[in-house]
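K.L.:
Let me give you the structure first, and then I'll get to my questions.
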Amino acid sequence: QLQNKILILTACAVGIGGTFQYGYNISIINAPTSYIQRFMNETWLERTGAPLGSDVILLLWSFTVSAYPLGGLTGAIAAGPMAIMLGRKTSLLLNNVFVIIAAVLSGFSRMAKSFEMIILSRFFTGLNAGISMNIQPMYLAESAPKKLRGAVALTSASFTALGLLLGQVVGLRELLGAENSWPLLLASNAVPALIQLMALPWFPESPRYLLIDRGDKESCISALQKLRGHCDLSAELEEMLAEQAATDGQRAKKPWELFQDRAVRWQLLSIVVLSSAMQLCGNDSMYFYAAYVFQEAGIPQEKIPYVVIGTGSCELITSVTCNIIIDYAGRRPLLLGGYSSMAGWAIVFMVALSQQARISWMPYLSMVCIFAYILSFGIGPAGVTGVLPTEVFDQMSRPAAYMICGSLLWFNLFLVGTAFPFIVKTLAHFCYVPFFLVCICTALYVGFFLPETKGKSFLEISEEFKKRNFKSHAHAFPYKGPEEIKSTVL
């Protein structure tokens, strides 16, 4: 019980200033959109005496929105070297500096009459999110015991969903969503950062990092004792020492070295497929359609923000549910079920959108599709994807693997955000066809090629992938795939 209590507190201390910020900062920018655009126009008018055209305002707003994933991509690339040189815990603490800088910039932007400060602040919030989304699951999975590794690492997804939901709540007009309080809304992300700066120093560094990267056995044992209490540590320490021996004499790998290393070929392919699918599956685009569908269903305009909070609640509920069941159900069933269900609901959603003008009850079916799609995403892909790089890569490859994952995630977030309006314009009601294909292809990949990692040590997982990576070419053709999967299950 003491062990579980300490792990929960560790996850909370890490999550509140970590992936919580990613969800929160995506969410809070939606409420003040029109106010910030008006502020841009008024500022320019005051500076030059001429108002901005609507297309220029839209361009400036696109720069503001794009600065977030650009910062995230920069953070994802910086996270690997930071995790290796500074350690997991120190990197997370230092990461709060970026979000505090962002809060100061956005908080004083109206006073300084500078919309450029808002754009810069969004870059720094993205930088913070990019670093935390890579290092947080790494730190938690390395600190958790084998039987709870999935559940503890998955709290990253729960804190993302909590951030999204709280961002929607705080952005309501009655709280900080009014026109006169938008600088305070954008600066409110400093609060979680300050909470983490006060809480996280009380918890230890990752034991695996201390032993395998630093070679400091005494600090590793001390960290384990803080995390586990007074239970027997011999088996866990023996496993870590075996992993240390397996990586003895190696240095931390660079991302490009993973692409050249045949020993991690299947691991790399798996995380590339799953990290790309996280953003290309269309879950974030559901939020784009939410307000329109709710309006068509007859919900009054002023009530729509409250209904949209329901979508954030869905993602939070499913993330917590997934957190509870992941170490019982396993990773593969949650991923396979999530993507298969999303593919099914994508078809229903497209049919409902195409018939919305003709059949009176279709908007209600569209509403059901939005909630079901978000629930399907939350129950598997949202959380499991972040856990896998820690489980399928060894200590020397893990930071580089997270750099690749994070870079793909942020690049694809930018790609979908840029391309989706054009997809809607081109395909109209059938705009979810590309997302449907991504879900189907990802489900097939998981079903045929991804082994289960539940309840296995890092070395056992490495051995399982080693058998795949060094199979003869004669057994590597697609027609042998099902036989290969059967052999790994047996």
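From the backbone N, Cα and C atoms, a Cβ is placed for every residue, glycine too.
Automatic prediction, not curation, is the source of TrEMBL annotations.
Checked TrEMBL, it gives:
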type	residues	note
TRANSMEM	7-24	transmembrane segment
DOMAIN	11-454	domain 'Major facilitator superfamily (MFS) profile'
TRANSMEM	56-80	transmembrane segment
TRANSMEM	92-112	transmembrane segment
TRANSMEM	118-139	transmembrane segment
TRANSMEM	151-170	transmembrane segment
TRANSMEM	182-203	transmembrane segment
TRANSMEM	268-292	transmembrane segment
TRANSMEM	304-326	transmembrane segment
TRANSMEM	333-352	transmembrane segment
TRANSMEM	364-388	transmembrane segment
TRANSMEM	400-424	transmembrane segment
TRANSMEM	430-450	transmembrane segment
K.L.:
The transmembrane segment (268-292) vs the transmembrane segment (151-170): three or more C-beta pairs under 8 Å (separation of 6 or more)?
P.N.:
no
K.L.:
Return yes if the transmembrane segment (56-80) and the transmembrane segment (364-388) have at least 3 CB pairs under 8 Å (sequence gap of 6 or more), otherwise no.
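P.N.:
Contact between the transmembrane segment (56-80) and the transmembrane segment (364-388): absent.
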K.L.:
Take the domain 'Major facilitator superfamily (MFS) profile' (11-454) and average the pLDDT across it for me.
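P.N.:
That region's mean pLDDT is 87.
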K.L.:
In the same chain, which residue numbers or ranges, 6 or more beyond the ends of the transmembrane segment (151-170), come under 8 angstroms Cβ to Cβ?
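P.N.:
Cβ under 8 Å, 6 or more out: 7, 11-12, 15-16, 18-28, 30, 133, 136-137, 140-141, 143-144, 176-177, 185, 188, 305, 308-309, 312-313, 315-316, 318-320, 322-324, 326-327, 378, 382-384, 386-387, 390.
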